[in-house]
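Visitor: Quick one: structure below, then a few questions.
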Amino acid sequence: MGSLGPDTEASASLADWQTKVAHKQKQCRDAIPREWQVPPQVLELFDFPLEKKANRLIDLDVVRKTGILSDRELAITESYTVPELLAELASGQLTSVEVTTAFSKRAAIAQQLISCLTETFFGQALERARYLDQRRSEGNLVGLLHGLPISLKDSFQVAGTEASIGFVSFLGKKSTENSPIVDMLLSLGAVLYVKTNIPMTLMTADSHNNIFGRTLNPHNTVLSAGGSSGGEGALVAFRGSPLGVGTDVAGSVRIPALCCGTYGFKPTSSRIPYGGQATPGLPGWKPITACAGPLANDFEALEIFTKVVIDSVPGALDSTAIDVPWRQLDPTAESKLRIGVLAEDPSYPLHPPVKRALEEAIRRIQADGHQVIQLSAEQGRVADATEVAARLFTLETETTVGHIKASGEPPVPSVAAQHQPANRGERSFVPDISKLGKLQQYAALTVKRQELSEDWRKLWSDLKLDAVIGPPAQNTAVPHDTYGWPPYTAHLNLLDVGLGRLVGGEASADIDSIRLVSSPSPRRRSSLTLSHSQCSHIKLALFVSDASPTPAIC
């Protein structure tokens, strides 16, 4: 594993990284129009520093208090689902200019309070919106997403903007072309206006880096917004975006959805164009295939985005994407489903509110007449799969560490913690693997992954499962820099299963204030007493499949 220790010889010739950061931060501040800046009297409502004091920005209705948005703009950002916005835009009841302005204002407010943005291009967005309104007035809609503002994770490249992905050494390098998904969204009529914050390395659940700072959770600013698509999760929760596009290689869409109380969907890989992104690792090195997926405040938005993109022949724009048409199931079908429930793995015990949410989901499913099949921990094999995933991720870290060292910047706490031996977890499923060379390790891990995938296939086939529900994490949103390894999401990236959010709720300090019994291993210990300041949203994962032996391409 690459070392994050000091390199004094290299440091002597490095430019001042702090000067570069200060310049970039000034650019970000200057990009927000003066009339969109949060008034001082509103800032007086908060306890500072925000990341250390529990501020519930959504409960405070802070956007309304700023007076920056008109009543109509507040309604646009708060009262419409994505399908409703698209219908109003298509009919001309709402213009793209007013919708884009409303979400741009709200995103600007969000940036000033929770540091969720990396790049803003409000002027270009409004120019695009005016063009789309003109096309509509002529009786022509550009596409099925006509006039809709969509936010993008920072890793997606938009020509003329930067994709620094949290590395100071990447600053100053503007993208010369769009990522394929960007071109596709534009061809479908979308308006792109902001890019959102991510963790340094893109491999932690804390969206924090030395350039753009730490993204805060708008529900409670002392809690993590998740990662690596944490800027998207926070912006969507703040209603500064009706629909965002993130990426997911170990839970990076689902974890922010969990922490920020939004909907999120991780499709099977290659369904949504993923190519042409900025990457923190060795080019071409893909031990686990990542995917792109949407986040939104309404479930229908996820379906619209996924269906529209899949039906637009993504393979024509991106060689990493496959062209398999969207399959529409009959919602009126009378047949009842066989739904598996992924058990708690004893190596990764669930916190009380997560258990409670899972139990409530089971009750709802049974109340609707569906059959529930409880899967054992041995059948789920979460610990085995997550170990293989962790090993694969850490086979090549030198490139990423090199990007950090190149500027002389220090690692942020969540990244530094990853490189401490106590946080690397136990590895028992693949004995003696550290004695092998990297190529042999990769081969051995690939064999184990195939074994796990085959067991998963047999499980679905033998039990004739239609779907599986399970926890997305051991926990709800947690304090900054404490999220740790995500076993309940990473193991499903290893298996490449499509997942989405099913039901939600909120943790309760009164109901859930039970201290968990620690697991025998200090590396897998999960001990927490909930306090009122820690309560946040709960989301459950839905692992979608049809009744065939192989999980569906979702």
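For all residues, glycine too, the Cβ spot is worked out from N, Cα and C.
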Visitor: Of Ser224, Ser228, Ser269, Ser270, which one shares the substrate site with Leu202, Val249, Ala250, Gly251, Ser252 in TrEMBL?
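Guide: For the substrate site that includes Leu202, Val249, Ala250, Gly251, Ser252, TrEMBL also lists Ser228.
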Visitor: Look up region 'Disordered' in TrEMBL and report which of 127-149, 403-425 it refers to.
Guide: 403-425
Visitor: List, in sequence order, the residues of the same chain other than Leu202, Ser228, Val249, Ala250, Gly251, Ser252 whose Cβ lies within 8 Å of the centroid of the Cβ atoms of the recorded substrate site.
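Guide: Surrounding the site, in chain order, are Met203, Ala205, Gly227, Ser229, Thr247, Asp248, Val253, Ile255, Ala290.
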Visitor: Check Lys153 (active site, charge relay system) against DSSP and tell me helix, strand or coil, would you?
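Guide: The residue in question, Lys153 (active site, charge relay system), is strand (DSSP, three-state).
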Visitor: Can you tell me the mean pLDDT for the domain 'Amidase' (98-483)?
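Guide: Averaged over the domain 'Amidase' (98-483), per-residue pLDDT gives 95.
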Visitor: Cα distance, Ser228 (substrate binding site) to Lys153 (active site, charge relay system), nearest Å?
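Guide: Their Cα atoms are separated by 9 Å.
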Visitor: Same chain only, sequence gap of 6 or more: which residues have a CB within under 8 Å of the CB of Val249 (substrate binding site)?
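Guide: Within the chain, Val249 (substrate binding site) has Cβ neighbours under 8 Å at Leu202, Ile288, Thr289, Ala290, Cys291, Asn493.
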